Amino acid sequence: MTFLYLLPAIGWGFMPIIAKLTNAKPINQLLGTTTIAFLMGMFFTFIVQPSYNWHGFAAAFLSGCFWSFGQYLQFHSFQFLPVSEAMPISNGTQLIGTTFIAALFFGEWSSWSIAIIGIMGIFFIVVGIILTAYLEKEGMQQQSSAIKSRAVFCLLISSMALTFYVTLPQAFKTSGAEVLFPQAIGMWLSSILFSITKRNAIDGNQIRKNFGTGIAWSIANISLFFTMPIIGVAKSFTFSQLAVLISIYAGLFILKVRKTRKELKVISLGAALITLGIFLIGSVK
């Protein structure tokens, strides 16, 4: 049963690594992912047969559109940053964004003690993100600063979009099975629209290679739906955010990113702080 609880983290943790291994262009990574997400969402909905209302369907559809935009920019950032550096920034800033929206608009920080714990969690995540991007060689830092700035900008815009992807259904009190299919429709149709502006980059073979990326994403998304009734929303969400640890370490070793011993130590400290921040925020949800 523990494996089921960790499936969302495993799926979302390995998703960017699978995408990177395909060496595909961002638009083909997106199309491959959304095609499988759409098919899996359709199959899941056929089995579960949820009921829909107009507002919930529209909110889930729009959240899927935001996901496509945000995910495209995340894939784009992988061209400039290693997955092990990009994902802590992406996951951390998404978590900060969703936490602030939940606190300000959904009333999840109902007391000063909860607010203090939440702010501490955000602080640890921010420090952890900074540490995971540590480079020992000063020359390397200067040489890559412009490229990293461009990648970080993409990731910040991406995180804004992905924050809306997470919070829109919540704003309309739509969750679980009601979200999956309309969200998948929004994801797939948006990726098709994006592809119109990138016609020259479309490659059927690269799209097919990213079906694995879509499978990883769908496994994570659907398994999260099953874990929520068993262990609750807060614990499910907290476990799912541990994907960042998989992205960091699997990204380093599978993608063979070279790091010095000192860099690995600092990155590990950053990963530990991010994990602490995740659990602190998860404890107040």
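Placement of Cβ uses the backbone N, Cα and C atoms for every residue, glycine included.
Annotated features in TrEMBL:
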TRANSMEM  6-23  transmembrane segment
TRANSMEM  30-48  transmembrane segment
TRANSMEM  54-74  transmembrane segment
TRANSMEM  112-135  transmembrane segment
TRANSMEM  147-168  transmembrane segment
TRANSMEM  180-198  transmembrane segment
TRANSMEM  210-231  transmembrane segment
TRANSMEM  237-255  transmembrane segment
TRANSMEM  267-284  transmembrane segment
Does the transmembrane segment (54-74) come close to the transmembrane segment (147-168), meaning at least 3 CB pairs under 8 Å for residues 6 or more apart?
yes
Between the transmembrane segment (112-135) and the transmembrane segment (267-284), are there three or more CB pairs that fall under 8 A, provided the residues in each pair are separated by 6 or more in sequence?
yes
Short question: most Cβ pairs under 8 Å with the transmembrane segment (210-231), which of 6-23, 54-74, 112-135, 180-198, 237-255?
6-23
Are the transmembrane segment (180-198) and the transmembrane segment (54-74) close, by which I mean at least 3 Cβ pairs under 8 Å that are 6+ residues apart in sequence?
yes
Is the transmembrane segment (112-135) packed against any residues at least 6 beyond its ends, judged by a Cβ distance under 8 Å, and which are they?
84-85, 88-89, 92-93, 95-96, 99, 103, 141, 144, 148, 248, 263, 266-267, 269-281, 283-284
Compare 6-23, 30-48, 54-74 by their Cβ pairs under 8 Å to the transmembrane segment (237-255) and return the stretch that comes out on top.
6-23
